[in-house]
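Q: Below you'll find the structure I mean.
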Amino acid sequence: NGGFCKDAVNAFTCTCLPGFRGSRCEEDINECDSNPCKNGANCTDCVNSYTCTCPPGFSGIHCENNTPDCTE
């Protein structure tokens with residue numbers, strides 16, 4: 001996954017790109033594990049990011065804003 005690996009004596013170490021982890025950078029970190037989306041929104045994991053799909057009545061990056069049903 002684009003990590004940089006360096007040989008060592010009988011071993012190696014890898015430095016992973018953002019969004020990956022593991023001894024060989026084989027694991028995509030799930031940014032949705034921290035529950036960043038609010039108010040029942042659906043979280044979609046991407047590489048080194050996530051997107052929230054807001055339910056009706058909510059908006060914002062994390063669906064943190066309650067949209068008024070009507071305005072006067």
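From the backbone N, Cα and C atoms, a Cβ is placed for every residue, glycine too.
Automatic prediction, not curation, is the source of TrEMBL annotations.
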Q: Can you look up which of C5, C25 is joined to C16 by a disulfide in TrEMBL?
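A: Going by TrEMBL, C16 is disulfide-bonded to C25.
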Q: Using DSSP, what is the helix/strand/coil residue split across the domain 'EGF-like' (1-26)?
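A: For the domain 'EGF-like' (1-26), the helix, strand and coil counts are 0 helix, 12 strand, 14 coil.
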Q: Which chain-mates of C16 (disulfide bond) that are at least 6 residues away have a CB under 8 A from its CB, listed by sequence?
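A: For C16 (disulfide bond), the qualifying residues are N1, G3, G22, C25.
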